[in-house]
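S.K.: Below you'll find the structure I mean.
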Amino acid sequence: MSTVPTDHGVAALGEFVFECGQSVPDLEVAYETHGEFDGDNVVLVCHALTGSQNVARSPAPERNEGTRGAGQAGQARAWWDDIVGPGKAIDTTKYYVVCANVPGSCYGTTGPASERPADLDLPEEPDHDRWGTAFPPVQVEDWARSQRRLLDHLGVGRLRAVVGGSVGGMNVLEWAKRYPDDVDRVVAIATAGRLDAQCLALDAVARRAIRADPNWNGGNYYGEGRPSPDEGLALARQIGHIMYLSKASMERKFGRRSAGRDSLTREEGDLGLPPEPTAAFFPYREVESYLDYQAEGFSERFDANSYLYLTRAMDEYDLSAGHGTDADALAAFEGEALLMSFTADWHFTVEQSSSLAAAFRDRDVPVAHHVIDSDHGHDAFLVEPEHVGPPLRDFLVEGVGGRAVSDDGGGGGNDSARPERDHAPVHASLFKG
């Protein structure tokens, strides 16, 4: 397979005033590009909550390595490599792909873990050199504005498309709302115009897990010899992973299988938790082992304060803000839209994407809502390239008339308009026991 030019860097964009009214004197945005710019072939990819600018693999091996706060690992490293690349759905031999780490994150863009200017006047001076919780509150709107600033810096005007999944899909919707004249097509995958109450509740518990960790120390855990709140961050991530999987996929992957009775007598993973008092009698199950494994890896690569900031940005996003309805918010957009949803995703449901499709249709925007029958849950947009790729590829080339693009016909909440489910759309059981 042929290689394509890739580039990466950190752009210093000058003073940036956030939607909250607070500012940083020089916003730095870490970015990556793939392909060659020909003037009208730019596809902006918006990463999900804990993703990074490293959307696809680079021909340079050192670009595919990294550790917390500087490089990428796990989902953050080449997190959509099955979709972005030569000959793939977002074909980097045709498109100039740009992906930028969002403000508030920790992969090179300015965020809580970044060094703050020494001459910065703060009401309470932290005893370390990082922004910490003095960093301004971040919103999805700030992500879109920082991306527009970065594209201006790169000499890019109008975009062929903006593509993203999960909260990255919210980022996409904000582009259609805020910069309707700057983009031809938008692709919002597994997303919604706002979170529902159940997701808000789970995110709140995740943030409390971090804040309850004594090592969080009010967000002031930076500096030599200070332990990070890894236990709290790990628990927060475990809550997230439960949200990302469907009931059916968890049963298929793990069931009630034991990972070994002896495992629970040790401290659980490296999370610092004491063993359960009943550990000698009951099994340590595979689903617990999976959650511990995911949590340990995540704590090594992500910043706890960034998790607080980014989940709050996701929670607070409302597409209709400043407008009466979602349709009003999208009224100025004159391009085409593709929405993709997954039948077993209870984090961002099929119904929520149907509602967005209705909002686009209300403003006569050509739109398709492509529903994928999958039991993978919210993670499907990352792990099912064979289903995500074809409609995405054809939409970028042909719009809503693309051969692999289907539409639910505006079925909305009518189950007869899409494949039958084998799961409950809401995990009420997560609030029990």
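Every residue, even glycine, has its Cβ placed from backbone N, Cα and C.
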S.K.: Could you check which of 35-54, 55-74, 75-94, 375-394 is flagged in Swiss-Prot as region 'Disordered'?
M.R.: 55-74
S.K.: Ranges 248-278, 403-433: which does Swiss-Prot label region 'Disordered'?
M.R.: 403-433
S.K.: Where H378 (active site) and D345 (active site) are concerned, what is their Cα separation in Å, rounded?
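M.R.: Counting only the Cα atoms, the answer is 5 Å.
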S.K.: Can you tell me the CA-to-CA distance separating S166 (active site, nucleophile) and R237 (substrate binding site), as a whole number of Å?
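M.R.: Answer for this pair: 16 Å between alpha carbons.
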S.K.: For the domain 'AB hydrolase-1' (41-385), what is the mean per-residue pLDDT, to the nearest integer?
M.R.: 90
S.K.: So among the recorded positions D345, D379, who's got the most Cβ atoms within 10 Å?
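M.R.: For the recorded positions D345, D379, the Cβ with the most other Cβ atoms within 10 Å is D345.
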S.K.: Kindly assign D345 (active site) to one of the three DSSP-derived states: helix, strand or coil.
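M.R.: Once the DSSP labels are grouped into three classes, D345 (active site) ends up as coil.
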S.K.: Provide, as an integer number of angstrom, the distance between the C-alpha atoms of R237 (substrate binding site) and D345 (active site).
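M.R.: Distance (Cα to Cα, whole Å): 18 Å.
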S.K.: Expressed to the nearest Å, what is the distance separating D379 (substrate binding site) and D345 (active site) at their Cα atoms?
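M.R.: Approximately 8 Å lies between the Cα of D379 (substrate binding site) and that of D345 (active site).
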